[in-house]
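According to TrEMBL:
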type     : residues  : note
COMPBIAS : A:1-10    : compositional bias 'Pro residues'
DOMAIN   : A:100-316 : domain 'ABC transmembrane type-1'
REGION   : A:1-31    : region 'Disordered'
TRANSMEM : A:39-59   : transmembrane segment
TRANSMEM : A:104-126 : transmembrane segment
TRANSMEM : A:138-159 : transmembrane segment
TRANSMEM : A:188-207 : transmembrane segment
TRANSMEM : A:251-270 : transmembrane segment
TRANSMEM : A:295-316 : transmembrane segment
Amino acid sequence: MTTISAPPPGSTDRTSEPAPSAGRSRRGARVPARRRGDVGFVLACLLPALVLFAVFMVVPTVNVFRMSLYTWSGFSPDLRFVGLDNFTRLFDDEQFVRAFQNTVALLVVVTVVTMGMGLFLAAIMTRQRLRGRNLYRFVLYIPNVLSVVVIAAIFSAVFDQENGLLNGVLRLLSLDGLQQVWLGDQKLVLWSVAIAMVWQSLGYYMVLYMSSMASIPEELYEASALDGASAGRQFFTITLPLIWQNLRTTLTFFVMSAVNLSFVLVRAMTGGGPDGSSEVLLSYLYKQAYTNSSYGYGMAIGVVIFAFSFLVSLLVSRATRREPVQF
Amino acid sequence: MTTLRTVGNRSRTGRALTYVLVIAIALAIAVPVAWVLLASLKQKSEFYGSPWVLPRGLYVQNYVDAFVTARMGQYFLTSVLVTVLGLVFVLAVSVPAAYVIARYEFRGRGLVEVALLAGLFVNVNYIVVPIFLMLVDWDRSLVDVLPGGFFIDNPGVLALVYAATSIPFTIYLLTAFFRSIPADYEEAAALDGASRLRIMTSVMLPMARPAVTTVVLFNFLAYWNDFIIALTLLPGDGKTLQVGLLNLMTAQKAAADYGRLYAGMVIVIVPVLIVYALIQRRLIEGMASGGVKG
């Protein structure tokens, strides 16, 4: 699923964040709500959105945290307060530990590969002025508009053991020995999911970085070329520092989107199998809640997910803080 | 271009390698999608043996099966209804809210803004379970009035949940845009005696068209492509297209009925591909203006 959100609030440096925070708003004059009837107008405009937001986002979020302190088997009124018991149980739950490890592994691998390839491709597409790059851009962005169910179905066809595209290619190349049961092998299935994740998100990040690289003035590259800088050197001394803020923002949000994407893909493609080997945090939450009817326990996993994605985002944001460079 | 000229010969092989790499990646994306389109026209017997053989003819029966037997036609209508309703809901509540946040001083504005920004960090899929339980609970308290239930299995409610959960992003983007419009237009309209409501709907809304388009695009993709919320909130017969496709996938695993599955996939893919081809420039511009996927 592609929920879209925006750069983080001005929690850190505001200097080059595109987020129009306080600084910008002063330019556009604000009408103070003092005239008669203004308060009514403001309320009428604001209330519907706030009510919907409160009912369907604030209350459920609070409920995740509240319910994690109870045991509840679903529709019975039998609700029992157990404090932090659900959380202590998590540490002894091997399946949970595996789901956590899988999530972290996917996060690290997919982030490194997607961001690395996305940056590299964006750099050569903008710097080298390839012929037909609009076509490449068009094609590479396609997976981002497809639904995850479609992507899961496509990859089921690619990875199919008998008639799959991948094994078919390997057979054509007489590399029969490399054929695998891509989605049925406990050791391989997670990497098959990772490939699908990279396939889905690569184009999105490439396009995003292309648009921020396009705003770097050409003179900078010309000047450094006169000094004899190679394309690789230019990338690290000019391109990367100048799009750093953008990269940081995407990295911070990538964590959340990858946690989510890994779940929707796993749900549609492998169902967590075989034997729980591709289970990730959110899919394990669903299993506990719907299949096992352990809502309280499921919500404790939800709390872990919230805390985990918040902490990782924060760490990434801290670790990548640099003095903004401008041109 | 100066760079290329100075580096000379070495860069010519480099350039060739670059082309090979980029084309290989583009093929890795285009080929599976194109393959699905072709495979949807194959007969059952053609699925055994090499997957790389072209279909022998146009076997349209797959589409008839998908549309009628697998009810993808009906699911298609549900998806259209839910998506359109969701877009109407989200615009109806977000445009006025974003406008007053951008233009009016009122007590608690800071708090509202912070709460909505925090909402950007809450992914819908984190909170589907409590939303589902809440709706079940509402249904149970209404059981005397409406024994059939109202909130679960209701496409309108699904649309409302979509709209509600995309409010933070929508308001964020619209507020930013409203703030970038100079206040002169509103002042002029106010001098001419236009009411507050009229200023908002007839002066500001038309000027905010680019931002509204961006919001509609991103939300359209999110609503149309979602399956987790739809799976949870519409457990009955009135499914959306994505859930229908998911069922086809499960059925195919049991019965090896590939043709119907691929035809179903094409039915799901084609509308988004058409929309994407038509508006790709706008989509990419919208992304550059501050949308980051979450």
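Placed from the backbone N, Cα and C atoms, the Cβ positions cover glycine too.
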Report summary line: Given A:138-159, A:188-207, A:251-270, A:295-316, the one sharing the most C-beta pairs under 8 Å with the transmembrane segment (A:104-126) is A:188-207
Query - Tertiary contacts of the transmembrane segment (A:188-207) (same chain, 6+ residues out, Cβ under 8 Å) - result: 102, 105-106, 109-110, 113-115, 117-119, 121-122, 125, 137, 139-144, 146, 148, 151-152, 155, 159, 180-182, 250, 257-258, 261-262, 265-266, 269-270, 273-274, 277-278
Query raised in the report: Near the transmembrane segment (A:251-270), which residues from the same chain, at least 6 beyond its ends, have a CB less than 8 A from one of its CBs?
Result: 1, 3, 5, 7-8, 102-103, 106-107, 110-111, 114-115, 148-149, 151-153, 155-156, 183, 189, 193, 196-197, 200-201, 278-283, 286, 305, 308-309, 312-313, 316-317, 320
